[in-house]
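To start, the structure under review is shown below, and the notes come after it.
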Amino acid sequence: MKATDLFHVTVLVAGALALEHQQPLIGDLSQDLNHIIDSSPLLSFHRALVQIPSISEHEKNVGEYVLDFLSSQNLTVEKQIVTPESDTEEERFNIYAYVGKNRQPDVLVTSHIDTVPPFIPYSLHAPTSDTSFIRTDLVIAGRGTVDAKASVAAIVFAALETLDENPNASIGLLFDVGEENSGVGMKHFSNSELNPTPPTYHTVIFGEPTELSLVAAHKGTLGFKLVAEGKAAHSGYPWLGESAISSLIPVLAHLDTLQDLPPEKGGLLRSETLGKSTLNIGRVHGGIAANVVPAHAEAAISVRLAAGTPEDTRTIIERAVAKVTSGDRSVYPDFGDRKAGAPPQYFDVDVDGFEVITVNYGTDAPALKIHDQRTQRVKRYLYGPGSILVAHADNEAITVGELEEAVRGYKRLIAASL
């Protein structure tokens, strides 16, 4: 790839980055803020991504934008259709890009283009009420500014700059759909011809908000329902029925203590790296009216696994339920597909110059089957700009400085992997 083919992206970004040490901005604030974004291809691309709503199952428009942009940079771009595996008829697709005919590159860099609801419009904010500030402190707010359109934008420009400096760099880009609710995009890629055995890539770099640190590990996941079956009756004669809600409550109360119980006493598993497994009772519903003894009740529960497998945790849950119910099957855990869930994930952190942390959230990483060989292990890195603490919140936001630093961080990871 030639520098001219990139529409001078590298030169423009370098110029924008050089502004980092300029004097504080004073003047027409709104004009200054928009000028900062307009003058940077990176920030302009990020703005365009965020301005296009892409809540899970509705990623088509932002996907088309990313596809067109990558094509304009002389990359070979494929649209990997995943619609038949979804609950919506709207077209859904992953975007897979690479240089020339190098369809199976050495290094795969990936993130997701879907977001959680609701859509929050893009906006710019000075870091303080004062009109004087440094451009790198400018705050960019809106849904997806962090999770994960910041990673998408930084990955794209890190790849373009790398290819401008080294046209033979063997890099592939994957931007998938559905990470926030089902993992359908990564699962589809994982089961496709683009993920062969043995693997053609030797490194995968996952883009998620990590506060610009390398992640050593993140917790696994397990979701299930606790179900109680009772018998309906008039509330004036409750002894004629069996309240499913009353049966559910003591079991829920016990499950809620498992994260604090030591494993040897029936509690959830722990590890030195990730600490305690945690359990969250996220939703409870049951009954049809206040004057009817409820015949059915259930709770939706999520466990973040610090150790062991999902099956290990299922066993702990089953034993805990049986302890309270004395084996009464009118209250039971419903795990659905027992193949669902994921164990804790561990990543490589052997590139110098990064802080190393662990995180409690989940990613697409377990959905990508890594076909390690006896003589070659595929390395996995997890890195990205922004904080998970605001990623799904009303105040989701990132600074210009974080976004620009992420480009440099991804370039270092790519360079170390080539």
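One is the number of the first residue shown, and numbering goes on along the chain from there.
Glycine is treated like the rest: Cβ placed from N, Cα and C.
What Swiss-Prot records for Glu179 is active site, proton acceptor, and it gives similarity to another entry as the kind of evidence. Around the Cβ of Glu179 (active site, proton acceptor), the same chain contributes Ser56, His112, Asp114, Ala148, Gly185, Met186, Thr363, Asp364, each under 8 angstroms and 6 or more positions distant in sequence. In the three-state DSSP assignment, the secondary structure recorded for Glu179 (active site, proton acceptor) is coil.
Cβ neighbour count for Asp147 (Zn(2+) 2 binding site): 29 (other Cβ atoms within 10 Å of its Cβ, all protein chains included). Summarising the annotation, Swiss-Prot assigns Zn(2+) 2 binding site to Asp147 and lists similarity to another entry as the type of evidence.
The Zn(2+) 1 binding site annotation in Swiss-Prot covers Asp147, Glu180 and rests on similarity to another entry.
As annotated by Swiss-Prot, N-linked glycosylation site applies to Asn74 (among others). Annotation note: Asn74 (N-linked glycosylation site) sits in a coil segment as assigned by DSSP.
Taken from Swiss-Prot, the feature N-linked glycosylation site covers Asn168 (among others), and the record attributes it to sequence analysis. Taking the Cβ of Asn168 (N-linked glycosylation site) as reference, no residue of its chain lies under 8 Å away while being at least six apart in sequence. Secondary structure from DSSP puts Asn168 (N-linked glycosylation site) in coil.
What Swiss-Prot records for 1-18 is signal peptide.
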Proximal but sequence-remote residues of the same chain as Glu180 (Zn(2+) 1 binding site) (Cβ under 8 Å, at least 6 apart): Ser56, His112, Asp114, Thr115, Val116
Asp147 (Zn(2+) 2 binding site) in three-state DSSP notation: coil
Alpha-carbon distance [Asn74 (N-linked glycosylation site); Asp147 (Zn(2+) 2 binding site)] in Å: 27
